[in-house]
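According to TrEMBL:
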type: DISULFID; residues: CYS29-CYS93; note: disulfide bond
type: DISULFID; residues: CYS73-CYS83; note: disulfide bond
type: DISULFID; residues: CYS156-CYS220; note: disulfide bond
type: DISULFID; residues: CYS169-CYS230; note: disulfide bond
type: DISULFID; residues: CYS200-CYS210; note: disulfide bond
type: DOMAIN; residues: 5-105; note: domain 'SRCR'
type: DOMAIN; residues: 131-231; note: domain 'SRCR'
type: TRANSMEM; residues: 262-285; note: transmembrane segment
Amino acid sequence: EFLDLRLADGDDCAGRLEVFYNGTWGSVCSNRMSQLTAITVCKHLNCGGGGEIATDFKYGRGSGPTWLDHIECTEQHRSLWQCQSDPWNPQSCDNRAEETHISCTGRTEATSPATFYECPNSTSCSDREKLRVTGGEDGCSGRVEIWQQGSWGTICDDSWDMADANVVCRQLGCGSAVSALSEAAFGEGTGPIWLEKVHCKGTELSLWHCPAKPLFGKNCDHKEDAAVNCSGYPLGHLLPHLLLLHVHSDPPRRPATDTTRISTPVILCIVLGALLCLVLAILAGQIRSARAQQR
C-alpha cells in the first residue's frame, strides 16, 4: 500500500500524528521521538521549518492501529518515510498515552501546495505521470522511478519480476516487458527508495494497483534499484524510424535483438492510418471537383 501522513483532530499543522498504511489510518508511538523528527514531519506536511512534540495530549486518543514506533530522523531526511523506525506493526505500542502529538510553527497556504506535492508538474495528474524510467536509451527502458511525497524515487529489486515489469511497460505505453532487471542495471538512483517487494500479478493497469511494501529504514540501497526493458518504443521515437523507412528504399536489416522496439501491430496501425488519410484526401478532391462542375 502507498503511504500518506496527517495531523488529526487539530488543524492541518497541529494534531495527533497518523500514517495511512495497508488501507487504514493509525497512530505513531512517541518512544525515542525527538524534536528533529517533529521538524521533519512539519516540513513533510509543508507546515514550516519548525515544530515540537506536544505533551498535553489535547488532540485526543486515536482509535486505529498504532503503526510505528522508534522513529529516528536526521537533518538529511526530507520526508518521514526516509527515517529509520521499527518494522510496521499494528500494535507498536499498547498504551495510547504514547501516541505522538505535534504542533508545527507554520501553516499551510490557501493555495494548498500539498495538492501540488502529489504531482510532478501540476495540481492534478494520472498514475502514468507519476511513473517514469530513466538511464536507458529511450522512455521505454531504464531504472523505474515513481513520484511520491514531492520527489522522484526508486523501487528496490526485492521480488522484482516479469509480472511487475509488464505492468510498468504497459502503463508507460511501451508494450510488454522484455526483461525485469535488478542490481541497478541502468545505474543507481539518487533520491529516496520508495518501495520494496512489489507483487504484481501482471494484469494490473497501474503499478499503483499492485501490493507493495513501503521501504522504511535501510533495508535496501540504490545498488538494488529495479529496472525494466520494454518491447515498444515511446511515440516520440517512432516517427524518426518511420521517416528512415521511407527515405531508404532498401534499408539495412536490424539484427533481431531483445532491444528491437517496433512491433508488427504498431506498424500495421500506422500503415492503416496513412491509408485512411489518403482515402479522405481523395474524397475531398472529388467533392471539390463536383462543386466546381455544378457552378
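From the backbone N, Cα and C atoms, a Cβ is placed for every residue, glycine too.
Where the annotation comes from TrEMBL, it is an automatic prediction and has not been curated.
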Spatial separation of CYS220 (disulfide bond) from CYS83 (disulfide bond) - C-alpha basis, Å: 13
For CYS220 (disulfide bond), the one of CYS29, CYS73, CYS93, CYS200, CYS230 that lies nearest, given that the disulfide-bonded residues are compared by Cα: CYS73
C-beta crowding around CYS169 (disulfide bond), within 10 angstroms: 25
Fewest-neighbour residue among disulfide-bonded residues, criterion Cβ within 10 Å, set CYS200, CYS220: CYS220
Neighbour tally for CYS156 (disulfide bond), based on other Cβ positions within 10 Å of its Cβ: 23
Disulfide-bonded residues compared (CYS29, CYS83, CYS210, CYS230) - the one with the fewest other Cβ atoms within 10 Å: CYS210
Neighbour-count leader, CB within 10 A, disulfide-bonded residues: CYS73, CYS93: CYS73
The domain 'SRCR' (131-231) [mean pLDDT, rounded to integer]: 90
Three-state composition of the domain 'SRCR' (131-231), taking helix and strand from DSSP: 16 helix, 35 strand, 50 coil
Pairwise CA distance, CYS93 (disulfide bond) versus CYS200 (disulfide bond), rounded so that it is a whole Å: 32
